[in-house]
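Engineer: My questions all concern the structure below.
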Amino acid sequence: MVIACDELEGTLHQVNTESSMDKPAGRSSSGGWKSARLIIGVEMAEQFAFCGISSNLITYLTGPLGESTAAAAANVNAWTGTVSFLPLLWGFIADSFLGRFRTIVISSSLYILGLGLLSFSAMTTSDTKDSNQFRVILFFCSLYLIAIGQGGYKPCIKVFGADQLNGNDLKEAKAKSSYFNWLMFGSCVSILSTRLVSSYIQEYLNWFLGFGIPSVFMLISLLLFLIGTKSYRYSTARVGKKNPFARIIHVFIEALKNRGQQNLDLYNPNEALLLLADQSSKQFRFLDKAAISCSLAEIEEAKAVLKLVPIWMTCLVYAIICAQSHTFFTKQGATMNRSILPGLLVPAATLQCFISLTMVIFIPLYDRLLVPVARSFTQNPSGITMLQRIGTGIFLSILAIVVAALVETQRLQTARDDVTILMSVWWLVPQYVIFGVADVFTMVGLQEFFYDQVPCELRSVGMALNLSIYGVGNFLSSFMISIIDKVTSQSGQTSWFDNDLNQAHLDYFYWLLACLSSTGLASYLWFAKSYVYNRPNTSKNII
């Protein structure tokens, strides 16, 4: 079956332009860097709120709630996984029904409610068994209400900000890659601030106040977002247009129904060369069998989504390592000498600020120095490709976990030689710094990759796929911890995650992660080498 070139071009043009109409990128009255900067400010306020809760959560669970180290780490990972996994559901709702703006407003309201209830749960007393049970139930209900709210807020706000920069305008198109760098920069400034402030308030003053301040910042985030309502560019779906999910699912169903048919010649070079300047359409040729009842544009959409799956899967090991930075890294620090002045101890969770501080320093260097230098060699506007950036970060994360294993081995040896001598907490700084540099490469790279490589109408889902990497990674980390804890504690043996970390073996766990991550990196490189980037869109679907 051969489809005429004019028909193909018309179909592709229709898909690219039907979903919305463009406000010209040059108009100062809407969108552009003015609106994008406001979104970055909104994201900064939200990040202060979220990290004010998440960065020290394991301390609250093992302290006021009295959970074991293994149980607390598993609960933190399960909650963090839920936070990162729920965006898939919200992304579907946003792209199919509500739109990003409404989704942000609704999810932010739920977010604020959850934070308020969490603060109230920290204020309640636990003098009796019943009151303590009520406190625990209220705490976890509040925590998962926050997860629901954050799950809708996170993918939509990032995409909504990127949508303010129109790829049809050369200046704004160049700024779009920088947007993700500066979005991460702003987030890191907030994360650094909250880890310095909130962690100290929570551990040394009051948990109610420590949870209450993030609630106020989330309220500020919503108010800032609403201030820019009249100046934003919005993506709006055309009434009667077929749901993008329905189109993609229809392609897979039709390809399955027609699996017995011969491969269809959709890509006759004499007729479709203009539309198929790249070679991506030659991948997943089994979907071409859907062409009997599906358009080429719909088939290309399905292929674009399908070829993201190997990249998504091979990045999971990076997310598993990410999960350790706010759990076991913090517990490591709690067992070390944290004194900086007589009578003044550094809260263990504050050490996470070195990740943010490293990113705050390195992101401007990357955007203003490394990218132009790399661009002069590669002629790539972003300096290096998105997949090269992601792979570099995965390699650095492996280096960070190796350093963590070596430090933990030395800490254990020091504790066993003389339990009264504590190793300085500053030995943990290198693993945090290396991990911060890794995040600049991989975390920002993944955001841009999953925004850029999905169909325009599915960008909320694309960002949700990016976030779900960390969700699944946290679930896998939680599962691994539970299994290893059970296996290593049998027959009276000491668990790798024993409450007394001087008797535990976090170093063994770190080495295991290093081995798994090395395997994951090798798989990632294999898939990345054969990946073909989607052709840049000719329309950005922004109005």
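Every residue, even glycine, has its Cβ placed from backbone N, Cα and C.
Bear in mind that TrEMBL entries carry predicted annotations, made automatically and left uncurated.
Heads up, here are the entries from TrEMBL:
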TRANSMEM  70-92  transmembrane segment
TRANSMEM  104-122  transmembrane segment
TRANSMEM  134-153  transmembrane segment
TRANSMEM  179-201  transmembrane segment
TRANSMEM  207-228  transmembrane segment
TRANSMEM  308-328  transmembrane segment
TRANSMEM  340-366  transmembrane segment
TRANSMEM  387-407  transmembrane segment
TRANSMEM  427-446  transmembrane segment
TRANSMEM  508-527  transmembrane segment
Engineer: Are the transmembrane segment (134-153) and the transmembrane segment (508-527) close, by which I mean at least 3 Cβ pairs under 8 Å that are 6+ residues apart in sequence?
Structural biologist: no
Engineer: Under 8 angstroms for C-beta pairs, at least 3 of them, ignoring pairs fewer than 6 apart in sequence. Is the transmembrane segment (207-228) in contact with the transmembrane segment (104-122) by that rule?
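Structural biologist: Output yes: the transmembrane segment (207-228) sits against the transmembrane segment (104-122).
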Engineer: Quick check: do the transmembrane segment (387-407) and the transmembrane segment (104-122) share at least 3 Cβ pairs under 8 Å, counting only pairs 6+ apart in sequence?
Structural biologist: no
Engineer: Using Cβ distances below 8 Å and needing 3 or more such pairs, separated by at least 6 in sequence, tell me whether the transmembrane segment (308-328) contacts the transmembrane segment (104-122).
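Structural biologist: As far as Cβ distances go (cut-off 8 Å, pairs 6 or more apart), the transmembrane segment (308-328) and the transmembrane segment (104-122) do not touch.
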Engineer: Counting Cβ pairs under 8 Å that sit 6 or more residues apart, are there three or more between the transmembrane segment (427-446) and the transmembrane segment (179-201)?
Structural biologist: yes
Engineer: What residues elsewhere in the chain lie close to the transmembrane segment (179-201), defined as a C-beta under 8 angstroms and at least 6 residues from its ends?
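Structural biologist: Beyond its ends, the transmembrane segment (179-201) has Cβ neighbours at 36, 39-41, 43-45, 47-49, 51-52, 55-56, 158, 161-162, 165, 209-210, 213-214, 347, 349-350, 352-353, 355-357, 359-360, 363-364, 366-367, 439-440, 443-444, 447-448, 451.
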Engineer: Is the transmembrane segment (340-366) packed against any residues at least 6 beyond its ends, judged by a Cβ distance under 8 Å, and which are they?
Structural biologist: 55-56, 58-59, 181-182, 184-185, 188-189, 191-192, 195-196, 199-200, 202-204, 325-326, 329-334, 425, 428-429, 432-433, 435-437, 439-440, 444
Engineer: Determine which residues of the chain contact the transmembrane segment (104-122) at the Cβ level, with the cut-off under 8 Å and only residues 6 or more beyond its ends counted.
Structural biologist: 46, 49, 53, 60, 64, 90, 98, 135, 138-139, 141-153, 156-157, 160, 207-208, 210-212, 214-215, 218-219, 221-222, 225-226
